[in-house]
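So that you can see what the record holds, here are the features copied from Swiss-Prot:
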type	residues	note
SIGNAL	1-35	signal peptide
CARBOHYD	N52	N-linked glycosylation site
DOMAIN	52-192	domain 'FAS1 1'
CARBOHYD	N174	N-linked glycosylation site
DOMAIN	195-365	domain 'FAS1 2'
CARBOHYD	N196	N-linked glycosylation site
CARBOHYD	N274	N-linked glycosylation site
CARBOHYD	N312	N-linked glycosylation site
Amino acid sequence: MSKQKPSLWRALRALSFIISIPLLIQYLVLKWYSTSQNTPTPVFHEPNHETNLTVWEVLSNDDRVSKFVDVIGKLPDIVRGLSAPQARFTVYAPVNEAFDSFYFPPDPPPFFGLFIAGCHMGPGPVPAERLPSMGTVSSFVNGDIFFTYKQRISVQKDKSGLTLNRAARVLPVNASQSIAVNGFVHHIDTVLELPNSTAHALRTRPELSKLRRGLEATKLSESIYDTNAHVSQTIFAPTNAAFDRLGKTATKFLFSHGGRPYLRALLKYHVVANKTLFSDSYWPHGGAKLMDLSLIPNKDSHQFDLPTLHNNLTLQVESRKIHKKWHLNVLKDQVAEGKSHDSIPVSMPDVILMDGVMHFIDSILLPPAKSEQRKTSWLSRLKSSLGHNKQSIEDLVTLLGPYIDEP
């Protein structure tokens with residue numbers, strides 16, 4: 001298997017993201033130590049299993065993760081944090097075999113170990129029984145340029161088990177290798193890497209080829225790909241199947257020279273700048289704290305009005321817990337006097353990006369009609385619900401015309 005070679009720009013990006021980790025660890029350790037005299041230490045345990053070992057001791061005693069331990073052991077501040085009984089950590093430890101396909105530079109930069117550490121641990125306890133219900137978990141990598149939020153790691157569940165960032169399979173482990181007095185350890189079969197850019201995500205996803213072509217043709221890619229143009233972003237990414245549902249005639253028109261302004265107006269409705277909504281957490285930015293939906297008691301549904309790239313035009317998005325897992329839906333036309341909504345489900349949530357998050361959708365999002373004469377009829381809604389939502393060129397021109405601007 002070929003080894004993964006991070007390029008220089010990714011290494012520099014790693015430095016910018018995680019350079020604050022030693023300071024963070026030192027601050028947290030001092031805080032934990034200062035409160036330890038007055039605060040009782042709860043012991044996390046599964047039934048019939050208790051431990052007095054710290055996370056660092058659990059890792060050090062486990063031969064399956066010795067290569068990971070070798071990397072972390074060279075970072076005394078992080079070792080000190082993992083050894084603090086008052087700390088609360090969760091570590092996603094790659095097993096030794098995971099490093100066989102991971103590229104170690106012959107002369108790694110000083111921050112290379114921090115890159116490994118930051119991507120594989122986060123604050124707070126996440127026990128094995130809680131992990132399957134989570135859409136994302138926290139790492140110690142900085143998620144924004146202001147160091148307000150910590151980058152998320154996405155969690156996928158299927159019949160085979162759990163996967164992190166659609167790359168690393170969570171492996172079975174016994175209690176003695178996973179439970180510590182100050183947190184939990186999970187074994188994974190792949191080394192996690194820093195999130196890729198939006199451009200890379202679109203370039204490497206064949207099912208998004210039409211979206212990528214549309215962004216580049218309309219020059220929206222210039223701002224969406226440029227991390228200096230925004231703090232963060234949430235992209236509701238229509239797949240090729242979504243464009244196909246518009247119909248060949250409408251799609252051909254949108255990608256023609258004459259239809260390009262309408263395509264630009266359409267795609268701007270799919271991008272949320274400077275707000276980051278994951279399936280189970282929300283970064284409002286502007287100095288506001290992270291909103292963790294799983295920590296809000298007695299509430300299984302949350303709605304968000306997210307500003308799109310169109311002035312004064314928002315997307316209403318709902319995150320709803322179904323069978324203990326959070327699911328995203330983009331709400332469409334309001335019906336029944338505000339009591340219910342049509343919705344478009346997110347088909348693949350939480351594709352973590354360097355500068356935000358991307359959610360795949362299999363239907364195109366159409367902005368609301370500005371004209372009172374262009375209200376959606378019950379027959380149109382019925383056709384849409386049955387999957388027959390092909391649009392005519394006349395319909396698109398009428399709907400999108402008022403939203404046209406120049407690149």
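Numbers here mean position along the shown chain, with the first residue as 1.
Quick reminder: no glycine exception, Cβ is built from N, Cα and C everywhere.
Once Cβ contacts within 10 Å are tallied over all protein chains shown, the glycosylation sites N52, N196 are led by N196. The Cα atom of N174 (N-linked glycosylation site) lies nearest to that of N52, taking the glycosylation sites N52, N196, N274, N312 as the candidates. Of all the glycosylation sites listed (N174, N274), N274 sits in the most crowded Cβ setting, with the most other Cβ atoms within 10 Å. Comparing CA positions across the glycosylation sites N196, N274, N312, the one lying closest to N52 (N-linked glycosylation site) turns out to be N196. For N312 (N-linked glycosylation site), the number of other Cβ atoms no farther than 10 Å from its own Cβ, over all displayed protein chains, is 6.
Here the domain 'FAS1 1' (52-192) is broken down by DSSP into helix, strand and coil counts: 43 helix, 42 strand, 56 coil. Distance from the CA of N274 (N-linked glycosylation site) to the CA of N196 (N-linked glycosylation site) is 18 Å. N312 (N-linked glycosylation site) sits 15 Å from N274 (N-linked glycosylation site), taking the Cα positions as reference.
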